[in-house]
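> Encoded as structure tokens, here's the structure I'll be asking about.
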Amino acid sequence: MKPALFSVLCEIKEKTGLSIRGAQEEDPPDPQLMRLDNMLLAEGVSGPEKGGGSAAAAAAAAASGGSSDNSIEHSDYRAKLTQIRQIYHTELEKYEQACNEFTTHVMNLLREQSRTRPISPKEIERMVGIIHRKFSSIQMQLKQSTCEAVMILRSRFLDARRKRRNFSKQATEILNEYFYSHLSNPYPSEEAKEELAKKCSITVSQVSNWFGNKRIRYKKNIGKFQEEANLYAAKTAVTAAHAVAAAVQNNQTNSPTTPNSGSSGSFNLPNSGDMFMNMQSLNGDSYQGSQVGANVQSQVDTLRHVINQTGGYNDGLGGNSLYSPHNLNANGGWQDATTPSSVTSPTEGPGSVHSDTSN
DNA sequence: TTAAATGATTCATG
DNA sequence: CATGAATCATTTAA
């Protein structure tokens, strides 16, 4: 009975054999899977142990837009990444093990059955192939979710926008001081940036960012910055006035000088008249000592600024734009401040002018 | 909780 | 490559 059944089964198998062979297509390298693999490899999740991971992370950080010299968050990021990697590897191993176990189990089963029905090695191979495909699809899901996790991690840690901190009050003070005292050409040189960065304990890139933002935002709505401009211009003007006065050896500068702590809004320049005259003489070239040559221009800027500001300061700034920022043409854009346009007299016209109060 | 301020990024440009 | 413009995401002020 048994041999008869066996032979019948053999016959059936002969007939179906072809169709089985036909259905034996080489599974094509799934592009989706390859993409995931590549990505995991690139992120250092599926690569070799440590080295690849940090290198890839560094490369990713560099690629995602420079200036990531933050080391604290970076190590944090790396820690999370290794955590992901561990989970990924343990899961992967688990699946692999399960796959192997299942495969051997099935093979044992088939071997056992081969005593009662005909089973070719080809068939066993095919069975194994099916099992592997099933498990690899599970692996793909694992890879996919891992990729998602990595992406989230990256956007969380490598995108600095998410962990923005405001600069210290002092830092913005320094930056603003520079900005408003170089308002005619607020483009700090590389050295100046470094200096500012050092003073503010921020990076050069941050200084560049700050100036980029400041320029664009200042230009966009000058009215909004008038008060600030006055404040800082006045602040630096006080020091500038002293500096210029010292340079010109104008003897009568012995004011108590509250440095720059308060000095809000109302700027009572000690003797603005004299100061202004000094400026005129400076600009008029009647002064030849010029030890201060390089700095003078910026101070001139500052002073002219504050003077201009004073001109239209105390009528409501609702309409604003009553002060045309020198060197800032109508269309906007500072356009290299080549010609400082000689110190024009400070628009004496409407209302009170340059900081008198005391007379 | 919403609006404004602010630092950073992205993208186009010259 | 530095800058301007637009935009994002967060912090701070209202």
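Just so you know, glycine gets a Cβ as well, placed from its N, Cα and C.
So TrEMBL has the following annotated:
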- A:160-222: DNA-binding region (DNA_BIND)
- A:328-347: compositional bias 'Polar residues' (COMPBIAS)
- A:1-159: domain 'PBC' (DOMAIN)
- A:251-273: region 'Disordered' (REGION)
- A:328-359: region 'Disordered' (REGION)
> Under DSSP, the DNA-binding region (A:160-222) has how many residues in helix, strand and coil?
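Within the DNA-binding region (A:160-222) the tally stands at 46 helix, 0 strand, 17 coil.
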> Could you please provide the mean pLDDT value for the domain 'PBC' (A:1-159)?
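Result for the domain 'PBC' (A:1-159): average pLDDT 72.
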